[in-house]
Amino acid sequence: PAEAPAAPLGQHPPPVATSREKQKRLLKHRPDQPRNPKVLKIAIIGAPNAGKSTLSNQLLGRKVFPVSRKVHTTRCKARGVITQEDTQLIILDTPGLTSPLKAKRHHLEEAMLTDPWESMEHADLVLVLVDVSDHWTRNALSKEVLKCLALFPHIPSVLVLNKVDILKKKFLLLEIVTDLTEGIVNGKKLEVKSAFKDDSSSSAKSPLQITRASPPESKAPKSPCQQEMDQAQEGSGLGSSSDVRDAKSSPVTEKAQEPKQYGPKELRDMKGWPHFQEIFMLAAIHGEEVDTLKQYLLMQAKPGPWEFHSDVLTSQTPQEVCDNIIREKVLEYLPLEVPYGVTQVTEMWEEGECGELLIVQNLLVPRESHMRMLIGRGGKVISRIAQEAGQDLMNAFLCDVRLKLKVDVK
C-alpha cells in the first residue's frame, strides 16, 4: 500500500542523499549541535508485520524503511533520524521479533534473532507495537516481546495499538488494552467507565474519539495535542482512576517505579506487561494520530548531544534504500516463498544531465518459472514493480528517478 506521509509540523524532512559518497560524508559530518541539544533513541518492537516500518516511515515523514504484507521485510539494522528544532529522535528499526523455529522456516539470517535485542540495549524508550486487526494475536503480547521487555525492565515502554481503524467493534479496544497491560498503566489501575459498555455498536461516537484516547495524563506542560487528547478522553470512556504522577518527577520516585524482575515461569503466565507508561492508538498507514505520538516522543527527549547531522534522514546507504524499496515490491507481487530467493544486482547508478538519478538493477532468480512470474504476462508485473518502486525512490531522494529492472536466471 502506497502511503504519502504527512510532512511534520512546518518542517520538511531532508531527502536521502543520492550518492554513496555524499551519504558517507553526511554520516561523518559533525552533527550541527544546537545550543541545548536533546536526544531520544527509540526501539520499536513487535511481532513481524505489526506495522513497525510503516510507523517509522510516518514518523520520519519520508519512506525509508521497506513495508510489505509479507513477514520479515525488514532485515537490516537501519536507523531513521528525525530532527526538529533542538531535538533529535533516533529510530532503531528492529526486525520483527521472531522465534528460532520460525526463523529457520524463513531461512532468516542469524542476525535477525539477535538484532532486536541489540537495538534494545541502546534504546531510551521502547514502543511496543500491536496490530489490533489481527484477532489471533491482539489479546496477548508475543512471548518474544514479553521476554524482551523483561530483559530490559529499566527502559520506559509505551504501548502503541496500530490499525485501530480496521477494528469494527470499538468496545473490543478496552478488552485488548486491559489484556495487554494486565489492567495497569503507569502504576495505576485502569478504570473503565461504562460509557463504552452501553454502546456496543459505537455508532453514536466517532471512532476517532476513541482512537484519540490515551489513558494516562501527564502533568507536563500541555501541548495542544495533549489537550485535544484529554477532551477526546472524556468522551471515550477510557480513563485512569487517579491522577498520574508528574512526568518529570524526581529520580527518587522513578526508582520506586522500577518493575520487578520476572522469571521464565512468571512470564509464561503473563499476557500483557503491567509497566507501560502510556498507550497510544493509531492507524499508522493513514498517519492519523502519528503526530500526537511524535509530539510525545519529542517531549520525552533528554539533554544530550546529537548523533547525526540534521540533514541525515537514515543511516542506510542510498543503495540499501533502493534495494529495500525494490525488494518490498517484489515481496508484494510474488507468491509466498519466491521473493526470498531473488538476488539484486545494481548495474548502473548515475546522475543524468538534468540531475535525475538513473538506476538499472538486475533481479536474479533461481528458476525459469520464477522468472516468468516476476516478468508477468506481457511484462505487466515487472513494469508495475518498476513504476511503484520508482515513485517511492523519488519520494526518498526528492529527485527524478529513472529505474530500469531486468530479470535473469542465476
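Any Cβ shown, glycine's included, is placed from N, Cα and C.
The stretch that TrEMBL tags with region 'G3', taken from the ranges 85-88, 93-96, 181-184, is 93-96.
Given the ranges 72-76, 302-306, 387-391, the record in TrEMBL names 72-76 as region 'G2'. Looking at 98-101, 162-165, 274-277, 378-381, the range tied to region 'G4' in TrEMBL is 162-165. Matching 46-53, 310-317, 366-373 against TrEMBL, the residues noted as region 'G1' span 46-53.
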